[in-house]
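What TrEMBL annotates here:
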type     : residues                       : note
ACT_SITE : H117                           : active site, pros-phosphohistidine intermediate
BINDING  : K11, F59, R87, T93, R104, N114 : ATP binding site
DOMAIN   : 3-137                          : domain 'Nucleoside diphosphate kinase-like'
Amino acid sequence: MPTNKTFTMIKPDAVADGHSGAIIKMIEEAGFRIVALKKTQLTAERAGQFYAVHAERPFYESLCTYMSSGPIIPIILEKENAVADFRTLIGATNPDNADEGTIRKLFAKSMQANAIHGSDSDENAQIEGSFFFGNVEQF
Ligand code: RTP
Ligand code: MG
């Protein structure tokens, strides 16, 4: 059953460059409600746990170093059809392939430093949201 929730993180490059406010504005204007939000920083080890599904990929170590390089803003969002609509809003992983007007087209610097994360399924949205937030925060 669809949960109508998704999980996102504004990644270190976008936070460091001062794009958090503009990105959150785009998210809210696209009809997403903020359920939970905070600023925090991952250790390389915790980044490794978050991206464990990519452990065998050649970019895994570099990704974990990058994702722990500075503060991030994890957010749980709610909207009808949240997972798919949010991935449309952020655009393709590689900003060179991202559609005009998407968050990655506007703010991503590279395939790795691509400004923002978006869950790829309802199940992963639940797992990823619970990685950062307790039950009492997820309302
Ligand atoms: P995300 O999980 O961050 O929303 O991104 P995604 O689904 O579009 O991409 P995914 O395949 O899940 O990859 C996770 C993140 O790893 C970095 N990446 N680097 N150098 C590379 O070839 C490469 N491929 C992926 C990106 O930061 C990507 O968002
Ligand atoms: Mg992904």
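Keep in mind that glycine also has a Cβ here, set from the backbone N, Cα and C atoms.
Nobody curates TrEMBL annotations by hand; they come from automatic prediction.
Annotated features, which come from TrEMBL, shown on the structure.
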{"residue": "K11", "record": "ATP binding site", "Cβ neighbours (10 Å)": "26"}
{"residue": "F59", "record": "ATP binding site", "Cβ neighbours (10 Å)": "12"}
{"residue": "R87", "record": "ATP binding site", "Cβ neighbours (10 Å)": "17"}
{"residue": "T93", "record": "ATP binding site", "Cβ neighbours (10 Å)": "15"}
{"residue": "R104", "record": "ATP binding site", "Cβ neighbours (10 Å)": "24"}
{"residue": "N114", "record": "ATP binding site", "Cβ neighbours (10 Å)": "22"}
{"residue": "H117", "record": "active site, pros-phosphohistidine intermediate", "Cβ neighbours (10 Å)": "21"}
Q. From the Cα of the residue listed as 'active site, pros-phosphohistidine intermediate' across to the Cα of F59 (ATP binding site), what is the distance in angstrom?
A. 16
Q: Express the distance between the Cα positions of R87 (ATP binding site) and the residue listed as 'active site, pros-phosphohistidine intermediate' as a whole number of Å.
A: 9
Q. Where DSSP helix means H, G or I and strand means E or B, what are the helix, strand and coil counts for the domain 'Nucleoside diphosphate kinase-like' (3-137)?
A. 64 helix, 22 strand, 49 coil
Q: Mind running the binding-site residues K11, F59, R87, R104 against ligand 1 and keeping the ones whose CB falls under 6 Å of it?
A: F59
